[in-house]
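Per Swiss-Prot, the features are as follows:
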{"type": "BINDING", "residues": "GLY209, ASN210, PRO211, GLY212, VAL213, GLY214, LYS215, THR216", "note": "ATP 1 binding site"}
{"type": "BINDING", "residues": "GLY607, PRO608, THR609, GLY610, VAL611, GLY612, LYS613, THR614", "note": "ATP 2 binding site"}
{"type": "DOMAIN", "residues": "3-149", "note": "domain 'Clp R'"}
{"type": "REGION", "residues": "86-149", "note": "region 'Repeat 2'"}
{"type": "REGION", "residues": "162-342", "note": "region 'NBD1'"}
{"type": "REGION", "residues": "343-547", "note": "region 'Linker'"}
{"type": "REGION", "residues": "557-767", "note": "region 'NBD2'"}
{"type": "REGION", "residues": "768-872", "note": "region 'C-terminal'"}
Amino acid sequence: MRLDRFDRSFQLALSDAQSIAIGKDNQFIEPVHVMYTFLKEKKYKSIRNLLIHAGSNVDQLYKSVEQVCNDLPRVESVDGDREVQCSHALVKILNLCDKLAQKYHSNIIFSEVFIIAALQSQDVLSILLKKSGIVKELLEKLVQYEQSNYSIHDDSFKNRTQILEQFTVDITSLAEQNNLDPVIGRDEEIRRTIQVLQRRTKNNPVLIGNPGVGKTAIVEGLAQRIINKEVPEGLKNSRILSLDIAALLAGTKYRGEFEERFKKVLYAVSKDNNTILFIDELHVMVGAGKTDGSMDASNMIKPKLARGELHCVGATTLDEYSRYIEKDAALERRFQKIFIIEPNIENTIAILRGLKERYELHHNVHITDPAIVAAATLSNRYISDRQLPDKAIDLIDEAASSIRIQIDSKPEDLDRLDRRIIQLKLECQALKKESDELSKKRLEILSMELSQKEQEYSVLESEWKRERSSLFDIQNIKSDLEKAKTILDQSRRIGDLAQMSELQYGRIPELEKKLFNAIQSSNKKMRLLRNYVSEVEIAEVLSKWTGIPISRILANEKNKLLNMETILHQLVIGQDEAVRVISNAIRRSRSGLSDPKRPIGSFMFLGPTGVGKTELCKALSQFLFDTDNAMVRIDMSEFMEKHSVSKLLGAPPGYIGYESGAYLTESIRRRPYSIVLLDEIEKAHLDVFNILLQVLDDGRLTDNQGRMVDFNNTVIIMTSNLGSDLIQKKFDISDYDTMKKTVLNVVNQYFRPEFINRIDEIVVFHPLSIKHLIDIANIQLKYLYSRLEERGYPRTGITNKALLFLSKIGFDPIYGARPLKRIIQQYIENPLSQKILSDDLLPGRSITIDVQNDNIVFIQNDVIDDKDIYIN
């Protein structure tokens, strides 16, 4: 027996078999050790595939061989000096391998020959091979073909297998090992795919759909059905290989190297009628590997697709299919389109329930059913630029991840105690150096507190560790249950009824009962940790994604909506009609009565300057989103020229800036829940109004990239100063009705009827009176009070007399409240800053703003007790 004649794979297998024999304390290397190595290690996958093609039930054979290996006699070695040698049976089989290689006129002994030699021997391995259902004649033909063609061709069975292992991923093998997520629903799409695959010609389906709808999942579902024998006879022995295009391209240094690799893959796939090639992102094939004058990958697969030699399934998106595949008519006609639509909310919930166990096992948390329903409904409502079920799955995944981080981190109560203990220890160390009585007394008090805190910490820490241990026990039980279910599926496939019975009626019910008891026990005892995902965590994650306040997502704002006018009036003074109109629109939207295909509301604010048009927009942004930053403010004076209109939607193709995002559409794509303020709308070019017609009517807009932008969750507010010149010249500012009629006439003359008719409400703001200005001044001064408080001046206030004095000086019916801000700066902020810098006003004491002899004065007191004072 010459080992140098064995191929590299066979030599490695013999070395691995020797290691297994040593590990199991066996005295000799037996043939079953070699077979166990072939079946166990992934690097010998070609042997496994050979056995499958020869009709062997590989799973059953593996279990039988493993059992025989475990039952072999053991001879334990204390010092490890015993040498393991080949048994007489193995030597006979190896000699027979040499004889068979000579019969096939081969100078090299391949590992595949070992199977024939083992089958012809009288060893126990021969019995196991025959029991597995192997067909001897078919095996000999396959090996003979391998041996006879090796020296001449490079396309032998073994080399084909190695090429496929290098450049593809076996999806059916992943399904067999239970490494794929379960595919729930999608029965119609999978059935349609099977139907196309069974056709005589054009049996190559291409799955087309938006990103995230589950195209790849359908192929995985098909692989699972193949493993479970739930497909027609023509597909029962098939396997699905996913093409790894990155592996094909990686390391291709020279021209033609990619084409050579790809041609080998195509040849290997076409030689096996039971192999289906899956090309994810099919559009990548168009242009892949193409250099000057050479063919790309798509042109290489066309002939094989046309002749029916290649069984192929593709997947791509709608946009990329139209951009790449449809342009090549010859390539398009060789595929049969299957459109994958987005599942509805009910189907998404079913999908999430099916995936629930996998995510629970991964994160070691419990995902409640309300969380699943919330993930499907909220993602559908608030995330408009992605598809179900992908966005709902991501919500569940991230929410479960946040709970897992909390479990792994130290609880807040424990962390607070830990920091307090460190602080007390530092103080005690410092006080030990002092010798006065006060320090000693303080040290005694701190030592008692430290002892108490350490005791509390010890109790809490032990409880935290116990709760964590309980959660990890649950995870281990879930993991064991998952493994048991996987083995049950494998036993069902190979028909091992004894093991099926043991698992189905013994092991699995026992683990399920154990899991139920562990969960019930942990729920009663949990105080520091929380191991379940609820709709609150889903809403928190969604709030971080979209910037929408969590209270709004969870619909906890009913009282807030009912009192919306009161809240807005705290910031906007004297505009009851405008506040009422805005509040009604928001309430209609929240109650679900408004048209879902239009913006929440579209308004035009008219009136003289300085009456609160822009301020109302800021107040609305604060009310809806708890921030002023949720407002997209566009100054329409920047769009007076015709060429500047393209900035709203983006530059057309061929122009500089085509790739960069548009101002309006890009802002809404990134933050779909916002207020769009179109300031001074009358200054915009007429083409801007043509764009706005579609937004106001349909709630959507298409940008220069062809992407649909959804405006259904925006509030569109346009402000205008139309008619303000007439107001200043002809009318008494207090005559509101006349002023409103005049302004509306001007608006109707300026804007086209189709634009006016699409606006929900046109609001003419009321002019401000001296009473309104007093309230506005008080609001403005509150911002000053907060800044003073930060500088160390608490409880700043102003007298009624001083407030009236400022309001009278700042009152101008033509300019509204804008002059008031300048008056506050001039009369209060400027002199106040001088006094602070000159130390006339000391920190830590209150400041009262008063008026004496028509001059503002600042009085500093320890306590303010004047009832005639506005206090922050």
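Heads up, residue numbers simply count up from 1 along the chain you see.
The backbone N, Cα and C atoms fix where each Cβ goes, and this holds for glycine too.
Predicted, not measured: the structure shown is a model, and the values here were computed from it.
Distance between Cα atoms for LYS215 (ATP 1 binding site) and PRO608 (ATP 2 binding site): 57 Å, as a whole number. Nearest by CA distance to PRO211 (ATP 1 binding site), out of the binding-site residues PRO608, VAL611, LYS613, THR614, is THR614. Annotated pair GLY209 (ATP 1 binding site) and LYS613 (ATP 2 binding site), C-alpha to C-alpha distance, rounded: 45 Å. For the region 'Linker' (343-547), the model's average pLDDT works out to 85.
In the three-state DSSP reading, GLY209 (ATP 1 binding site) counts as coil. When the binding-site residues THR609, GLY610, VAL611, GLY612 are compared by Cα distance to GLY214 (ATP 1 binding site), the shortest distance belongs to GLY612. Residue counts of the region 'Repeat 2' (86-149) by helix, strand and coil are 46 helix, 2 strand, 16 coil (DSSP-based). Annotated ATP 2 site GLY607, PRO608, THR609, GLY610, VAL611, GLY612, LYS613, THR614; additional same-chain residues within 8 Å of its Cβ mean position, judged by their own Cβ, are PHE605, PHE765, GLY816, ALA817. Of all the Cβ atoms in the protein chains shown, 12 others lie within 10 Å of the Cβ of PRO211 (ATP 1 binding site). Sequence-ordered, the extra residues of this chain that approach the ATP 1 site, with Cβ no more than 8 Å from the Cβ center of GLY209, ASN210, PRO211, GLY212, VAL213, GLY214, LYS215, THR216, are THR317, ILE340, GLU342, GLN387, ASP390. Here the candidates are the binding-site residues PRO608, VAL611, GLY612, LYS613, and by Cα distance the one nearest GLY212 (ATP 1 binding site) turns out to be LYS613. Cβ neighbours within 10 Å of GLY610 (ATP 2 binding site), excluding its own Cβ and spanning all shown chains: 22. For the region 'C-terminal' (768-872), the DSSP counts in helix, strand and coil order read 52 helix, 22 strand, 31 coil.
Each of the binding-site residues VAL213, VAL611 was scored by how many other Cβ atoms lie within 10 Å of its Cβ, and the smallest score goes to VAL213.
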